[in-house]
């Protein structure tokens, strides 16, 4: 079998868990045995962390595959996929590892399963270095469903750094194939909304401060738009541990959604948290693209799997996106081209990401 294994260098480009997520999901979908070496080689703690291990475990379980080298700190794994099946699957990072990253790795696979799936994902719902669950529900979900599938995401319990303890249940039915998307018209911003939250031991005043600071910051650039950022205290029975944060979303006349978000942590002023989220949103609005820099790389695997040509207008291409494209091209027959838009406003850094998708067909339907 070894002669046919696809060899992946886990230390290049972004050099992190994303390489594992993209390559193991595609391995599972395409039935390609895989070896990933030099996992997270450049990181301060190289090798697999609990987060990555639970992602690998759910992929293994989804397709009854074989995983070797799956332990904490391991810098090399081999993975031999089986047939993707539906049903109920549980993945638990047992830490504040992000449930959203678990969803990222599992979702493309269960779309091509034989029957509907229910994923019970446990860990951090609002974690550093990953999309917040609010982002997944408010921005990722409505946009990714343009590929012609739907999913349900039920936040059972929120969990924060350092313990995690959150749980999200995702329900999805399989599809025959994915449709391509065309997101090239930004339109004008029609509304800005969001939520600033506190949980556990923190007072609601912090949420109100984050919200007010974000509104003040946006007002300097955008004067005439109604901005509604709701301060909320998460109910105690629906949150584990103590946490705070904010997400601010801009919606446009063409249905684009762009966001900025930030998490509170000990010693970080709540005004600063609100301003940080607002500044990320404003930066994403400035480049003129139809997706923000957090969504850019998350769309790549779906563009690669879809049937036909997908086009997305974006701001500067992130290293995560370059990495996702590199491995999607290495493992599938999809072809990507990234073109800088020179003819538009030269002060804007805008690109078109185009993909001729491989046209994955679900063999089970």
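Including glycine, each Cβ sits where the backbone N, Cα and C put it.
As given in TrEMBL:
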- 320: active site, tele-AMP-histidine intermediate (ACT_SITE)
- 104: ATP binding site (BINDING)
- 13-338: domain 'RNA 3'-terminal phosphate cyclase' (DOMAIN)
- 184-285: domain 'RNA 3'-terminal phosphate cyclase insert' (DOMAIN)
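Neighbour density for residue 104 (ATP binding site): within 10 A of its CB lie 23 other CB atoms from the protein chains shown. Just so you know, the Cβ of the residue listed as 'active site, tele-AMP-histidine intermediate' picks up 19 other Cβ atoms within 10 Å once every protein chain is counted.
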